[in-house]
């Protein structure tokens, strides 16, 4: 792999000469020899700075002739084999431009912190603790660990390896793996847009709380505000007050009636007007996001040194504070007390599989994008193990942070922890935890750092999600956006902001819940299922492992091969079938979602996944020949048959 800089320059600057050769001729200019070849197997070429030379179908003179073209650079002993067909002519230009130098991370830690910041998000704080106690407490850790070892981590590792080897985003990478699956990339981009349209609204709520925290007395501590009702009960200030089934805490009314203002909406069929306060908060969020990612990973890689590390400092502070509260032990016992009978229930294993999958986050295009900026010989195997372990441990520790406070709440209300821990999702943070903080000594300080932590957790994930889309589009259309990244990012941010307007209405919380359940879950599961099938069975597990040996210096063992070929796809299919057989029964606050929202939800999810069969049909239509012939030429690895 060691080459002189002169040879590197020759290889990079020879793409014009590559187009000048004609069929049946040998062309040699600037040390680049081009000649027709009909060999069965070619090597995936690498240039000296570690970037993959084009492996996808690239026709000579832009015209597909059904033959293999082999390009060799004698001085550098680099070989590139490409398979051409009538389907690849339209993709020639972007592929040639891939030879240009690619941006890389300034430091290895920039990459690691970016991946950790992406994987560790708001869901680690609110979803894992709830899922854990709901599914058997400490016993849940058994299926969670099993699903991580045989499902989540292998898929996580696979995406990092694919991105680092092929050095492309989630769309153009399929030219090098199996072009007929290219619709997966477009599906990922649509899913990312949906996520950005509701996920950042949750951060806008956190920002509103943060701004409201800069007071001597937090506004959700009393029942004397304009938004409070007669059911408001502040049991912290008066020990003689009894908590009844009709009682509503000041924190809950602040969240529902002041921040969200859900009382001004009748549901999804009447969302009401737009909250200007939340709109301004969201505008500020997107402004921060834009100036953090507009210049690429060299900029965002510096920002994550703050946004990825700050949450751990705050989690440690809150853990110490929670452990010293009265009744904290009750929450910990409730969190970890094992219920072994739960292990016999299928839904516990489904929840464990879904939790580890969405926590690690393969299938969103982010891991492909981040890894594509690594140096070619970076040890992504070690990175996968380190970052996935950190993510899982963060989820586990977050449970102690949450449940020590829930134990304190149960002690103050003189109730069981199970009664206090009814809130799920964002409500667990914005109602239950916010209420506990408000009644601690130095409540203003703890409120500020807590909501700052939520913001930084969310910002990391937003940086990553949008970078996945940006990398994909810039790699797919380099001649259009290659030199206009700032303008593309600006347009993407504006589109995401406009897409978020429905979540900023008085009934916006209902929209957020609908998108959270339907727009991402089954669609992403389908994406990763097809991705794993395409890599292991179409591209070929032997070819994939050969690529990894070239990149890392060693071949993955039988455990990884078995997971990629069979266990991980079965793992994903298991979750998909479970979801489709029993769609979630949605309810938020006192609002029961009508039946038609299930249909709308499936339509939203299908609107992204539909790109996959549409592109497959398009590919088959524009390619002459039988299905078998089309399948053969759709695979860029020297025309070998699909497995």
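A Cβ is built for glycine as well, from the same backbone N, Cα and C atoms used for every other residue.
Note: TrEMBL annotation is automatic and uncurated.
Residues or ranges marked as domain 'Sodium:neurotransmitter symporter serotonin N-terminal' in TrEMBL: 35-57.
With a cut-off of 8 Å between Cβ atoms, the residues of this chain six or more beyond the transmembrane segment (111-129) that come close are 105, 202, 297, 300-301, 304-305, 307-309, 311, 335, 355, 358-361, 366-367, 370-371, 373-374, 378, 383, 386-388, 390-391, 394-396, 398-399, 401-403, 424-426, 428-429, 454, 457-458, 460-461, 463-465. If you look up TrEMBL, you'll see 111-129 (among others) marked as transmembrane segment.
Counting only same-chain residues six or more apart in sequence, the Cβ atoms lying under 8 angstroms from the Cβ of residue 117 (Na(+) binding site) belong to 304, 307, 308, 460, 461, 463, 464. Summarising the annotation, TrEMBL assigns Na(+) binding site to 117, 119, 120, 124, 359, 391, 457, 460, 461.
Positions annotated as transmembrane segment by TrEMBL: 141-162 (among others).
As annotated by TrEMBL, transmembrane segment applies to 183-211 (among others).
TrEMBL lists 223-232 with the feature disulfide bond. For residue 232 (disulfide bond), the count of additional Cβ atoms within 10 Å of its Cβ stands at 19 [all protein chains shown].
Annotation comment: TrEMBL describes 274-291 (among others) as transmembrane segment.
Annotation comment: TrEMBL describes 303-329 (among others) as transmembrane segment.
Look at TrEMBL and you will find 349-373 (among others) tagged as transmembrane segment.
What TrEMBL lists as transmembrane segment is 385-410 (among others).
Taken from TrEMBL, the feature transmembrane segment applies to 445-466 (among others). Here the transmembrane segment (445-466) has long-range neighbours at 114, 117-118, 120-122, 124-125, 192, 195-196, 199-200, 202-203, 206-207, 209-210, 213-214, 218, 285, 288-289, 292-293, 300, 303-304, 306-308, 310-311, 314-315, 317-318, 321, 364, 366, 370, 429, 433-434, 437-438, 489, 492-493, 496, meaning same-chain residues at least 6 beyond its ends whose C-beta is under 8 angstroms from one of its own.
Cβ atoms under 8 Å from those of the transmembrane segment (487-512) belong to residues 193-194, 196-198, 200-202, 204, 260-268, 270-275, 278-279, 282-283, 286, 289-290, 293-294, 426, 466, 469-470, 473-474, 481, 588-589, 591, 593 of the same chain, restricted to positions at least 6 beyond its ends. For 487-512 (among others), the entry in TrEMBL reads transmembrane segment.
Positions annotated as transmembrane segment by TrEMBL: 518-541 (among others).
What TrEMBL records for 562-581 (among others) is transmembrane segment.
Annotation comment: TrEMBL describes 593-618 (among others) as transmembrane segment.
Here the CA atom of residue 223 (disulfide bond) lies 35 Å from the CA atom of residue 120 (Na(+) binding site). Highlighted in sequence order, 116, 118, 121, 123, 361, 394 have their Cβ within 8 Å of the centre of the Cβ atoms of 117, 119, 120, 124, 359, 391, 457, 460, 461, the residues recorded for Na(+), and are not part of that set.
Residue 457 (Na(+) binding site) is 31 Å away from residue 232 (disulfide bond) when you measure Cα to Cα. Around the Cβ of residue 461 (Na(+) binding site), 25 further Cβ atoms fall within 10 Å across all displayed protein chains. Within 10 Å of its Cβ, the residue among the recorded positions 120, 223, 457 with the fewest other Cβ atoms is 223. In summary, the transmembrane segment (141-162) lies against the transmembrane segment (562-581): three or more C-beta pairs, each 6 or more positions apart in sequence, are under 8 Å.
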